[in-house]
């Protein structure tokens, strides 16, 4: 199995995300290691040692995906016996040519804390999501960008948190529970914010699996109960013309981006 | 100002993160738009129209960073008048050459839900972080990978959630509050899990700013109170040899990655 090293002078998150995307196109397993904060020559020399040792051990040439600004530090890494792919600079030269502007390399570019306002917006959004999770507080819905509604455990909380952390979006969420089901209607504070509502639904078997893990062999996790709740909630979504998404086969990222697209909310990039 | 389009057949998150990293090296402002789910020719034609219109309006050639698997769909985009940068395939050919294996392109590679186990691990980690947030529950610390400790509002919750969502790490967090300060010691369940403890601290002025926004003009937000709590907590960290990080100038990503590095926990890449 080939070994892959993501080497960065920062968190290596960019290298990981991008590297993962590129490698997922290959029908091979990879052993992957992230090596962040490689900011000086000493660290770079230690990493190069590790890379070369890995080659020696496995007999297979490692891949190194790197995002390093300092030339000297980078050259120590590219001097290793691995095949090195310069994630940072490969696109810089053609962009310099297009824009007629030279790049000014700096560290902590992407996942550092350059912009205090952006950072606060994300933290505020996370606090908002937590303060308005699970219907515990219904008085701050004016401040919401989106309000997610659905049955218990269909994915509302992870989605709210992801939207907050990744995009700084303020998302409240409200659960419809067993007692609501017989006469399912939108309560006043949701009606008042109708245009912000987004429904989540899920496959009944999947819901049953998830609930069984939370509260084994309860009424809550009963297959009939799950089907009943989902039928009722989907009826409500249709009657009230609330756009909704089935979360069953989608990741948190996909659900989040679909919601933003439907709501017409432009995502901030942090 | 140049306009940048991140065009993808998926969520466009990979293109955004990577594009942002590359562009942050340029001392220029950019107007950035994400265009996800461009999966067929109709959508691609509409996007191309939008790109060309943008060029026409601004007079400045847009940049397009794209991650599209289907050749026909991709060619419609690269046929636009923008300068197009193929984020997905630029590295594929050299990697094919190194590995002697052809790529097998597929959509929903990176932020889709291919691997149910990975996905569940993240959702479970988020649930764990929420169930064990703010010291509300101290009985599940056996299951924690990490336990964050610190004063109120120093960054514990956002960090736990980020570690859960991004890396599937199980992080509990425990606050030391005003009443604890006079005789500050580690309670039994933290002592029992000493090796998992990580401290967060923060600059006193920054803490005061944050607390003032939460509870204006309270004792909680008083500058003296903030300085006192931080002094006490840092003494505890030193006395108990708990590794700690100052969160003041670091993003959630940086704090999270530093914690994983110090704890020697290998990050899973999702």
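Using N, Cα and C of the backbone, Cβ positions are placed for all residues, glycine too.
Model, not experiment: these values are computed from the prediction.
Taken verbatim from TrEMBL:
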BINDING   B:150, B:151, B:152, B:153, B:154, B:155, B:156, B:157  ADP binding site
Most Cβ neighbours inside 10 Å, all chains, among the binding-site residues B:153, B:156: B:156
Within reach of chain A, those binding-site residues of B:151, B:153, B:154, B:157, CB-CB under 8 Å: B:157
Which of B:150, B:155, all binding-site residues, has a Cβ with the fewest other Cβ atoms inside 10 Å: B:155
Residues flanking the ADP site, with Cβ no more than 8 Å from the Cβ centroid of B:150, B:151, B:152, B:153, B:154, B:155, B:156, B:157 and excluding those residues themselves: B:173, B:175, B:200, B:202
Cβ atoms near residue B:154 (ADP binding site) (within 10 Å, other residues, all chains): 29
C-beta crowding around residue B:157 (ADP binding site), within 10 angstroms: 21
Winner by Cβ contact number (other Cβ atoms within 10 Å) across the binding-site residues B:151, B:152: B:151
DSSP-derived class (H/G/I helix, E/B strand, else coil) of residue B:155 (ADP binding site): coil
